[in-house]
Amino acid sequence: FCLENTDPRMRGRGIQLLSQVLLHCYSLLQEKEVLHLVLFYESRLQDHHLVIPSVLQGLRALSMCEVLSPGLAVSVLKAIFQEVHVQSLLQLDRHTVYSIITNFMSTREEELKGLGANFTFGFIQVMDGEKDPRNLLLAFQIVRDLIAKDYALGPFVEELFEVTSCYFPVDFTPPPNDPHGIQREDLILSLRAVLASTPQFAEFLLPLLIEKLDSELQSAKLDSLQTLTACCAIYGQKELQEFLPSLWSSLRREVFQTASEKIETECLAALHALSACLSRSVLSSDSEDLLDSFLSSILQDCRHHLCEPDMKLVWPSAKLLQAAAGASLRTYHRITHSILPLLLEQYTKHTQSSQRRTILEMLLGFLELQQKWGHVEEDESTLLSLQAPVCSVVFSALLDPSVQLQQVGIKALTVLGSLQGFLSSSDVELVVDHLIRLALHEEDSQSSETAMEAAGSLACTYPNIFSGRMVPKLEEELQSEREESYHNHHSLQQRCLQALAAVSTHTSIVRKTVPVLLQHFQKVQKGTEARNTQDMVSVCQSLHHVALQCQQDAEGCWYFHQTVVPCLLAMAVQAAMPESNHTLPGEALLEEEVLAAMIPVISAATTHLSPELAAQSVSHVVPLFLDGEVSFLPQNSFPCSFQPFGDGECLEAQRRLVALLMAFVCSLPRDVAIPQQEWLLRELLALSCSCNCPFTATTAAKCFAGLVNKHPAGQELDEILQLAVNRMESSLAEGPCRSQALTLLLWVRPALDEWGRGTGGPSLALTVLPAQVTKALVLRYHPLSSCLTNKLLGLLGDTELGPAAADGFSLLMAESPDVLHKGCHADVRIMFRQRFFTDNVPKLVQGFHGAGPDVKANYLKGLSHVLNHLPKPVLVTELPTLLPLLLEALSCSDRVVQLSTLSCLHPLLLEAPHIMSLHVDTLVTKFLNLTSSPTMAVRIAALRCAHALTSLPTTVLLPYKGRVIRALAKPLDDKKRLVRKEAVAARGEW
Amino acid sequence: RVGPGPGAAPLENANPLIYRRSGERPVTAREEDDELPDAIDDREIFDLIRSINDPEHPLTLEELNVVEQVRVKVNDAESTVSVEFTPTIPHCSMATLIGLSIKVKLLRSLPERFKLDVHITPGTHASEHAVNKQLADKERVAAALENSHLLEVVNQCLSARS
């Protein structure tokens with residue numbers, strides 16, 4: 001009844017109801033019903049315009065029916081194309097039309113193709129004039145399908161191109177608060193996919209691209225270049241032929257003149273794509289070789305610029321040539337054939353180092369391209385025919401006094417070496433000699449470093465030559481006792497050590513270098529020179545370097561572990577024997593610095609072991625420490641027993657070696673069982689609580705923490721933790737003063753400086769232990785961790801231990817280098833920092849408000865440590881609650897707090913300017929005050945923050961402009977240059 | 001009025017000689033020491049102006065050798081700075097703009113006690129005298145900076161490179 005009402009509004013509503021019903025139940029319809037409905041709806045298309053939207057809805061429902069009989073899809077579309085003027089409809093209804101077309105295209109492809117070019121034409125009319133981005137995305141998709149699925153375009157190619165290309169280049173800014181989330185980038189990519197989908201568009205598209213490339217608009221240029229690159233993937237010679245000259249001249253102009261690096265990169269990418277496209281096309285015998293003529297024009301325009309190495313256009317030209325040369329093997333041969341001899345000739349022609357350097361850098365660029373093609377081909381490579389002159393040029397660069405030229409020479413050498421079969425073995429020997437000379441005797445440290453790196457990478461390719469020639473030479477230099485000045489000799493030895501480490505990139509070389517390094521270590525240890533601590537540290541650094549290099553290679557890693565770890569342990573144990581303690585030589589080995597340097601060596605040698613091998617090794621090392629079982633060490637005849645956990649005065653030295661145990665045990669893979677773990681943990685706990693030496697106590701605590709972190713959960717773990725907590729509680733409850741007094745009495749030597757150590761040591765150990773243990777637990781969310789954290793929070797209120805406890809927070813949040821990080825296989829849960837933050841910051845804030853004035857700073861310090869290590873996105877969301885506290889922290893007199901608060905605020909200023917704008921008044925005042933702080937670091941940080949203030953909205957800043965600029969005039973005259981530099985940057989920006 | 005804005009006309013000198021940039025000044029141990037004062041020296045002034053962009057090339061004044069460290073003289077005790085700059089070609093219409101940029105940069109970056117003198121290296125520009133006179137005239141410099149278009153061009157030269 002409604003459907004036949006004379007009032008179009010009523011009819012509309014009737015149809016709307018029917019359409020809504022259909023949208024819900026279209027899948028249940030029978031074929032006959034569908035036929036009937038379709039015919040009804042088609043006839044309604046001629047109805048009043050108010051009715052049309054509902055009719056289209058109904059048709060959309062029907063277009064999703066699977067039982068639609070053949071022929072109906074075509075007739076629906078014909079009816080729509082004929083009866084409906086789509087572009088006069090509302091956005092939503094246009095969207096419905098596109099959906100109907102999309103539905104039919106996905107299910108009735110064959111039928112629609114029967115329509116031939118008429119379908120395309122119909123669609124062109126539907127789409128013509130579309131403006132809404134949501135619809136455009138759909139329409140572009142339809143065009144892409146039309147082309148990809150090979151619908152007949154007939155005579156309408158140009159129309160189809162016109163109707164889509166009119167949107168190029170896309171100029172669209174999504175409105176603020178756009179709920180649809182369509183970005184400019186989506187439209188660009190979608191349109192590009194259409195335009196670059198068929199070579200049939202080429203004759204229309206290329207002129208358009210050239211026109212846009214010649215325009216002033218940066219974004220239009222970028223879009224054109226990227227579209228051109230995309231087109232080259234499907235175009236062939238035929239499409240490009242006509243436009244090559246103008247494309248080239250536009251590209252050349254852009255690269256020669258542009259200020260934007262982005263445009264330059266895109267131009268080069270487009271040129272690369274063009275050349276690649278041309279080299280792909282198969283030549284028919286009668287047509288001319290387009291690639292050849294294209295490259296000729298490039299060469300003609302760029303070649304002469306290469307002869308003027310001082311001029312601005314030399315690099316753009318070289319880059320253009322390299323982009324073209326990188327496209328295919330053919331382009332590479334064509335271009336290098338002309339360019340390489342030219343560059344070599346220019347190198348000899350120009351004599352200034354800076355000019356030679358530019359030329360050699362260009363040459364290097366071309367050599368690197370050769371790497372891309374892998375091996376040097378015997379018959380046609382220009383490079384091979386130029387082998388001798390190239391080598392002589394590179395070698396001459398190595399001898400040049402200019403450091404920069406040397407470095408380019410070394411890089412070129414590395415590239416040449418990596419080209420299989422380019423260098424003869426006598427050449428390689430020459431190369432090795434050059435590298436030795438540069439690595440050891442070159443005065444400039446940068447060149448020497450580059451030479452070592454080059455040696456490292458070449459050593460992989462030519463291990464035999466390097467281990468046979470370079471290693472013995474280095475060994476000889478290392479052992480020589482020349483009558484030079486001490487300083488020279490020392491730095492030469494340093495260089496040798498570094499070079500030995502650098503060259504150890506292949507297992508066969510590692511087998512040669514490690515014994516040399518160990519031997520040198522022993523020699524230095526026995527030496528009596530004053531600097532031997534430093535020397536030992538540098539040997540350890542070299543060993544660490546080697547360890548890192550052979551981690552990936554199972555065989556090398558095991559060799560290294562097996563050789564180095566027992567040797568280091570043996571030397572340390574030897575040095576820690578009570579007898580040798582009184583004689584000078586061994587002692588240096590036990591200094592904190594040296595032990596600290598040995599930790600990473602052992603750790604790196606252990607982390608990558610396979611579990612079986614690690615288990616084998618652990619069964620030696622742990623008994624060594626618990627039972628004094630020394631039999632696996634080389635030279636294991638020691639005068640007395642090794643008992644690091646035993647009691648007694650004279651064992652202090654042995655206890656220090658817990659550091660080495662920590663390095664080993666804490667780096668083991670998690671699934672390696674540690675023998676007698678229970679016992680070991682108890683000993684470590686006792687040591688960390690009772691030892692007077694901060695170093696030993698700290699490392700024992702660290703070791704304990706590392707083990708606890710990996711300990712499987714269960715009763716055993718709970719017991720040992722309970723023990724630890726009790727231990728800590730009892731020592732803390734005694735009151736720090738009393739426990740210090742107690743230790744002081746025990747401390748026999750009454751020297752004055754010992755007082756200081758006596759008071760500092762134990763209390764420090766007391767806070768370090770909980771912090772370490774807590775960290776171990778926080779990392780894996782153990783329930784006890786919150787109890788321990790609360791304890792730490794409580795300590796903040798203590799006047800004496802407060803600062804140390806505050807630093808404990810930094811320990812909790814920071815990544816520690818030697819234990820408890822992922823590299824050591826520690827159990828680190830994701831987001832532990834965020835979790836810690838949400839759990840504990842409210843307590844810190846609360847504690848701060850309740851605390852007395854003398855300890856407030858401790859809370860602020862703890863808070864700023866936590867914030868410093870938190871990922872910035874989390875920080876920004878929590879900001880409104882914390883900002884008042886941070887602002888208060890700025891007025892705190894402790895410079896550590898000031899510094900960490902400033903470094904906390906700096907990223908916030910850049911990332912969350914809107915929140916910070918609310919506090920601009922306070923911020924400006926505080927920052928400007930801090931620019932006159934007595935500490936340089938605070939002044940610098942304050943100026944950086946003042947600089948970052950400029951990222952706030954201009955309207956917020958304007959009232960402060962004059963004041964800030966005046967105030968910043970003062971630090972311009974700061975006595976420190978580094979401060980002045982920041983002041984200049986900040987004031988310039990304001 | 002000083003020369004056209006960037007990109008408006010064909011470049012006067014399309015393929016100029018370019019020079020190597022000196023690296024960042026290495027930070028010495030002395031500079032890290034909180035106690036010792038560091039005097040303002042030639043290199044510090046040069047560091048201020050070397051990264052100024054040329055109005056028509058995407059290059060710095062240092063790369064075009066318009067400014068050189070040897071042509072910068074500073075006397076910290078007497079609070080004087082003298083900078084000589086060398087236009088790339090004798091008819092360079094940008095000379096005044098370059099001079100103005102240098103002057104503005106120094107005005108913004110140096111303590112007020114300093115007296116500035118920015119002029120063209122003798123014998124390197126056709127209208128050397130006129131340009132020097134313009135640059136030395138405080139009122140003309142101030143008036144030039146009132147011109148918002150000109151100020152924008154100067155700020156563009158002074159802005160850090162992206």
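Using the three backbone atoms N, Cα and C, a Cβ is placed for every residue, glycine included.
Under the heading region 'Disordered', TrEMBL lists B:1-35.
As annotated by TrEMBL, compositional bias 'Basic and acidic residues' applies to B:21-30. Here the compositional bias 'Basic and acidic residues' (B:21-30) has Cβ contacts under 8 Å with residues 36, 38, 43-44, 47, 50, 60, 62-63, 69 of the same chain, all six or more residues outside its ends.
Feature annotation from TrEMBL assigns domain 'MIP18 family-like' to B:43-115.
The average pLDDT the prediction assigns to the domain 'MIP18 family-like' (B:43-115) is 84. Counting residues of the compositional bias 'Basic and acidic residues' (B:21-30) by DSSP class, helix then strand then coil, yields 2 helix, 0 strand, 8 coil. For the domain 'MIP18 family-like' (B:43-115), residue counts in helix, strand and coil come to 26 helix, 13 strand, 34 coil, using DSSP.
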